[in-house]
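**Q** The structure follows.
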Amino acid sequence: LPSPIPWSLTQPVTPDLLVSPSSQDGDLGSECPEDRGNWTGRLDFLLSCIGYCVGLGNVWRFPYRAYTNGGGAFLVPYFIMLAICGIPIFFMELSLGQFSSLGPLAVWKISPLFKGVGMGTILIVSLVAIYYNMIIAYVLFYLFASLTSDLPWQHCGNWWNTDLCLDHHVIKAGNNTLPVNISNTVSPSEEYWSRYVLHIQGSSGIGDPGRIRWNLCLCLLLSWTIVYLCILKGVKSSGKVVYFTATFPYLILVMLLIRGVTLEGAWKGIQFYLTPQFDHLLSSKVWIEAALQIFYSLGVGFGGLLTFASYNTFHQNIYRDTFIVTLGNAITSILAGFAIFSVLGYMSQELGVPVNQVAKAGPGLAFVVYPQAMTMLPLSPFWSFLFFFMLLTLGLDSQFAFMETIVTAVTDEFPYYLRPKKASFSAVICIALFLMGLILTTEGGMYWLVLLDDYSAGFGLMVVVITTCLVVTRVYGMKRFCRDIHMMLGFKPGPYFRACWMVLSPATMMALLVYNIVKYQPSEYGNYRFPTWAEVLGILMGVLSCLMIPMGMVVAVLQEEGTLWERVQQASRPAMDWGPSLEENRTGVYVASLAGSQSPKPLMVHMRKYGGITSYENTAIEVDREMEEDDEEESM
């Protein structure tokens with residue numbers, strides 16, 4: 001008799017490639033790079049992007065820009081610029097971050113010669129983070145001041161008021177008898193802001209900061225503490241906080257909007273905001289203003305989008321997310337305009353003056369005009385608290401993004417040393433930026449804030465974005481970049497995106513840059529003109545971020561070997577380990593180029609993990625085939 005067949009051989013053998021992931025020993029790792037961390041929920045990324053883009057500028061810059069640049073007609077250049085500049089660059093930044101899973105410094109493995117662009121970005125973001133948190137500190141100050149039965153900026157007669165102070169209740173009473181001349185008077189809210197909150201009378205100018213205002217200093221400390229606690233665990237903690245900070249402002253905005261449009265005279269303000277003046281469209285200024293609004297509102301170039309996308313899984317649909325965030329941001333700006341101008345219309349009727357005399361932009365709107373309007377409403381402390389709480393939540397999630405960008409950029413550069421100590425490193429950064437921001441809490445701090453606001457993210461930011469656009473399309477190559485997106489999303493970007501990336505976006509931003517330089521105007525705050533040394537300091541802030549680019553080039557060239565031209569060529573090529581961070585996502589040219597790479601075909605890893613071929617593997621096979629065809633063409 002033949003010897004019996006061992007039982008183990010009678011069992012069907014599952015080929016190693018087809019073993020299900022659960023039966024493996026876990027040697028394949030997960031879809032996410034574990035050591036770096038990832039978003040923990042499906043909506044974390046989307047809400048973080050919305051929270052980052054929808055910030056204070058939507059409330060205090062857009063409505064004013066719209067009314068000064070043709071009212072409703074401003075929406076025409078606004079949406080055209082959104083299509084040419086906003087959406088394509090937004091998508092490019094998300095693609096770079098998600099494809100490489102790297103922060104804004106390490107992502108320049110794509111072309112190490114231009115690593116200085118990343119350094120410029122970090123410098124800009126650090127300067128912005130310093131003064132942005134000071135604005136949040138002012139908001140906190142007003143938030144606490146609203147917790148009273150009578151708002152402190154409601155009446156004159158306080159120690160900080162002057163003889164010029166005129167209460168609106170007096171004006172209203174005066175309208176019934178004798179008209180009151182208000183041209184040489186100041187509202188209680190304006191004196192509260194400048195003489196009590198800022199105590200600006202204690203400083204003669206930017207060179208004389210005066211004493212530290214301790215109540216502002218404590219508010220700044222509180223705002224840094226809140227920011228630190230929210231980014232303590234990186235995107236795992238901030239990704240949860242944004243569920244509140246990104247959605248709650250919409251609830252308050254709707255409440256303010258409903259309250260605003262039900263006020264007497266509201267339509268006067270809305271009419272003022274939206275009446276189209278199409279003759280404005282012939283002016284280049286309006287188109288430039290629209291592009292600037294898009295540029296700063298979406299936060300392109302600050303590295304926040306790239307950082308957030310770098311925590312995504314490799315196949316996240318960022319194409320869809322791009323349209324949700326950019327269009328959502330535009331709609332929010334328009335809605336905020338209704339909420340602001342309906343109240344300004346009511347206020348102009350109460351004061352008996354035209355709307356354009358009460359309309360302001362920037363901090364003047366948030367800390368003077370709107371608080372004054374609140375005092376005219378019943379339950380004024382409640383509406384005031386709501387308004388400042390909305391500003392707080394709007395500001396905080398933008399600040400999370402700035403901090404996450406700085407921390408991620410540096411930890412990705414030194415992952416072995418800093419990643420395990422990320423919480424301590426975040427604390428060091430927060431403390432350093434808090435100490436640098438102390439000058440903003442002095443009596444002359446507002447002058448420094450205006451200087452930082454005007455120069456930190458001006459032409460330097462535009463140079464960074466233009467360079468990024470040109471490097472990705474010209475140096476790295478449009479074909480290669482589209483192939484990377486195809487590998488990641490399963491389809492190539494269409495002709496609209498390619499045309500914008502190649503020509504339209506860089507050309508528009510070049511025009512913006514030239515316009516900004518030609519139409520340069522020195523900074524001012526109210527009637528105060530900044531001295532020459534302050535102007536020079538401001539310009540140096542902008543120039544320094546641009547100088548990072550040639551400095552980075554020199555360092556990259558010195559690290560290579562050969563003649564100067566050979567060094568430049570080598571430094572401009574992608575680094576060996578450029579590409580997807582996980583081995584299973586590396587196909588085609590990216591196969592086995594990671595340090596310590598074992599697998600000859602990551603496709604096999606994919607099949608072993610998922611038990612078959614998915615649409616993404618089909619894409620990977622297509623991409624490989626395309627690359628082979630390209631290589632054959634080149635060799636011929």
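Any Cβ shown, glycine's included, is placed from N, Cα and C.
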**Q** What is the disulfide partner of C165 among C156, C217, as given in TrEMBL?
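**A** Among C156, C217, the cysteine that TrEMBL links to C165 by a disulfide bond is C156.
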**Q** Three or more CB pairs closer than 8 Å, sequence separation of 6 or more: does that hold for the transmembrane segment (45-63) against the transmembrane segment (423-449)?
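**A** These two segments do not touch.
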**Q** Can you say which of 290-311, 423-449, 538-558 has the most Cβ pairs under 8 Å with the transmembrane segment (117-144)?
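**A** Looking at each of 290-311, 423-449, 538-558 in turn, the most contacts to the transmembrane segment (117-144) are made by 423-449.
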**Q** If contact means at least 3 Cβ pairs within less than 8 Å, sequence distance 6 or more, would you call the transmembrane segment (455-476) and the transmembrane segment (538-558) in contact?
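**A** In contact, yes.
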**Q** Go through the chain and flag residues at least 6 beyond the ends of the transmembrane segment (423-449) whose CB is under 8 A from any CB in it; none is fine as an answer.
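**A** Same-chain contacts beyond the ends: 126, 129-131, 133-135, 137, 198-206, 208-213, 216-217, 220-221, 224, 227-228, 231-233, 403, 406-407, 410-411, 525, 528, 530, 534.
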**Q** When you scan the chain for residues with a C-beta under 8 Å from the transmembrane segment (382-402), skipping those not six or more beyond its ends, what do you find?
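**A** Contacts of the transmembrane segment (382-402) (Cβ under 8 Å, skipping residues fewer than 6 from its ends): 48, 51-52, 54-56, 58-59, 125, 128-129, 132-133, 135-136, 139-140, 142-143, 146-147, 151, 223, 226-227, 230-231, 238, 241-242, 244-246, 248-249, 252-253, 255-256, 259, 299, 302, 304, 307-308, 366, 370-371, 374.
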**Q** State the residues, same chain only, that lie 6 or more residues beyond the ends of the transmembrane segment (323-347) and have a CB under 8 A from a CB inside it; answer 'none' if no residue qualifies.
**A** 46, 49-50, 53-54, 58-60, 62-63, 66-67, 75, 78-79, 82, 86-87, 90, 250, 253, 256-257, 260-261, 263-274, 293, 297-298, 355, 358-359, 365, 369-370, 372-373, 376
